[in-house]
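A.B. asks: First the structure, then my questions, so here it is.
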Amino acid sequence: MRCIFPYVVLLTQPVEKGGYLMGQAGKPQLAQQWLWFLIGLASALWIAQPYSWRQLDHPITLVVATMMVTISESWPIELGRGHISLSSAGYVSALWVAGLTGALAAIVAGMLLSWLVRGVEGLRSLATIALLALTLKIAAPVFHEWPREPVLGVVLFAVVFIAINHLGVNIYYFLREDRVSLADIWLSLGWDGLGWFLGLPLAAIFILLDRAYHAWWVALLGIAVYASVTLLLTFYYQSRTAHVASRRTAAAAESITAAVDKEVLVGRVRDAFQGVLGFTIFVLYLREAGTGLLRRALAVYPDEAMPYPEVFSPASTGLTAWAVATRLPEFIDDSRRLPSANPATEDGHPVRSGFILPLVTDRETVGIIVLGYDYPHGYKATDFETAKVLAHHTAMAYRKWSFQEEALLLARVDPLLPSVYNFRYFREVVAWRMAHWPDRPMALAVLDLDGFKAVNDRYGHLVGDRVLQQFADLIQSTLRERDLFARYGGDEFVVLLDNVEENGAVRAVERMQAVVARHHWEELPQGLGASAGFALWPQDGDTADSLLNTADLRMYGDKEARKQGPMVPFG
C-alpha cells in the first residue's frame, strides 16, 4: 500500500504477493467511481460543518506542520504497494495546537507542496487528500473526547484513523484488482504501528517546546529533530530493503543458473520473477534448436483467452518487436501513454506496466520475457534493474543448457547424417532397454543398401552421401516414434523395433524394403534395393552383440537370396 504516516495509504501503487481475498470481477471503472465517492463524501462532510479559516491563529505551528507533511510526502519510504512517511507528526501537532481546521490546512498545504516534487497523479492524488481529510474529520472527535487524557485520546485517534484509512484503500484495490493481499494488509499495519511509535514523540517534542517558549526558533528546532529522525528512518529502511532485495535476487539468480534441464529452468525463471518482482502476466519465449524460432515456453495469464502466439513472429510490430530487434530491454510504466506498447484488441488483460526483456548472450537473442501487471505504475526503476539481472542469468542458463544439449546431440548422432543416431548411442539404448524392460519383446534389424559401392565408384562420394541421406529418410518414414534408427557403418544401418514379435518384425522390415524399392532416385538412372535381417529378443540372443551378429548373418543371407532377383521379398 501507499501511505503517509501513520500509514495513510495513497491510492496509487499496485500489487503484491501473498494470500488473496478474491472478489468476483475486478472493474477499474468501479475503482474510479470509488475515488470520486471519497472526494464527494469528504467535501460534503467539511462543507456541512464549515470551519472559518480565520481560526488559523498559530502561524508557527502551521508552518512547521506543513513543512513536516511536505518533507514526508516528497521523500517517503517506498513500500510494495505505496509508501510510508512521518507526516502524521505534522498534522497531529497542528490538531493539538491549532485545532481541526489547522490540521486540515497542514494536510492540504503539505500535500500540494509535495506535488511539486513527486508530481501529480490525477484523480488518485485528489482522492488521497480527500481520504486524509475524511479520516481526519471522523477521527478528530475521538481525540477531543479525552481532553484530560491526551495520550489515550491520541491512541484512540490513531486506531480510528488507521481503520478508516485502510478500509478506504482496501476497497479501492479490491474493486480495481479483484483481490486484496493479506500480506500487504499485515505489512501496512506493522508499519502503521512503527510510524505512530516514532511520530508521536516528535509531535510531543514540538508541542512542548512551542508551549514553553512561543518563539520562532522553536520551529527550527522542531524541524531539525523531525528531519533527523526522518532521515535516519529512511536510511535504515532503504538499506534494509536493498539488502533484502539483493539477497532475494542473488538466491533467485543462483536458482536459475543451477537448473539442469529446460523444464526445470522454465519453472525456476517463473518462480524467480514472481518471488522477487511479482506479476499478473508472464510470458517466456525461448529459441528453438534447429529452426531458430522464438517459441512460447511458458505463459501466465489471468484467463484462458491467451493473446500471445505460440511462435513470436520477427515481422511483428510494436515495442516487443523493437526490443527483440535492438536487443534492448524496455520499461513500461503506463502503456496508455506509450502508443508503441498498445496491445492487440483481443487482449483482455494488457500489460499496463511491466518489462520487455530480450534474453541476450554474446549479442545473440536466445529468448524474450514479457511480464507485468494489467494496471499502470506497478514497478519502480530499481525493479527494472533487478529484472535485467534476472534476465541476464536466464539467458546465460538457457545458453548453457543449449550448449549441453547440442554437445549431447552431437555425441549421439552420425557425423555425416545428423538425422540418424550413431552406433555407439544405439548400443547404449539397447543395453538400457534389456536391463530395464527384460520381459518386453523387441527386434534388432540390420539393413544394407544394395549397390551403394557402385554408386560411389561411378557418381562420386557427394552423390553417394546424398543417396545415403535419402535412404535414411525413407527408412525413418516407416518407423514409429518409439523405434530407434542408427548408422552401423558405411552403407549399413540398424533399427531397434520396440515391442514387436516375429510377425511384426517381418512386416516392419518388408515395409522398409518396399519403400526403398519404389523410390525414384533423382541422380541415378536405376533403382536400388535394401537387404535386411533381424533377430528377436530374447529368443535369438541374450546380449546386444549376439542379436546384432544374428541379424547381420540373416541380412547377408537375404542379400544372397536377392541376387537371384531384385524383388525377392524378405524371408
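Even glycines carry a Cβ here, placed using N, Cα and C.
These came from TrEMBL, pasted as-is:
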type	residues	note
DOMAIN	440-571	domain 'GGDEF'
TRANSMEM	30-48	transmembrane segment
TRANSMEM	89-113	transmembrane segment
TRANSMEM	125-144	transmembrane segment
TRANSMEM	150-173	transmembrane segment
TRANSMEM	185-209	transmembrane segment
TRANSMEM	215-237	transmembrane segment
A.B. asks: For the domain 'GGDEF' (440-571), give the DSSP counts of helix residues, strand residues and coil residues.
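C.D. replies: Secondary-structure breakdown of the domain 'GGDEF' (440-571): 61 helix, 29 strand, 42 coil.
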A.B. asks: Could you tell me what the rest of the chain brings near the transmembrane segment (125-144), counting residues at least six beyond its ends with Cβ under 8 Å?
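C.D. replies: Long-range Cβ neighbours of the transmembrane segment (125-144): 4, 8-12, 35-36, 38-39, 41-43, 45-46, 91, 95, 100, 103-104, 107-108, 111, 115, 153-154, 156-157, 160-161, 164-165, 168-169.
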A.B. asks: How does the model score the domain 'GGDEF' (440-571) in terms of mean pLDDT?
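C.D. replies: Mean pLDDT, the domain 'GGDEF' (440-571): 87.
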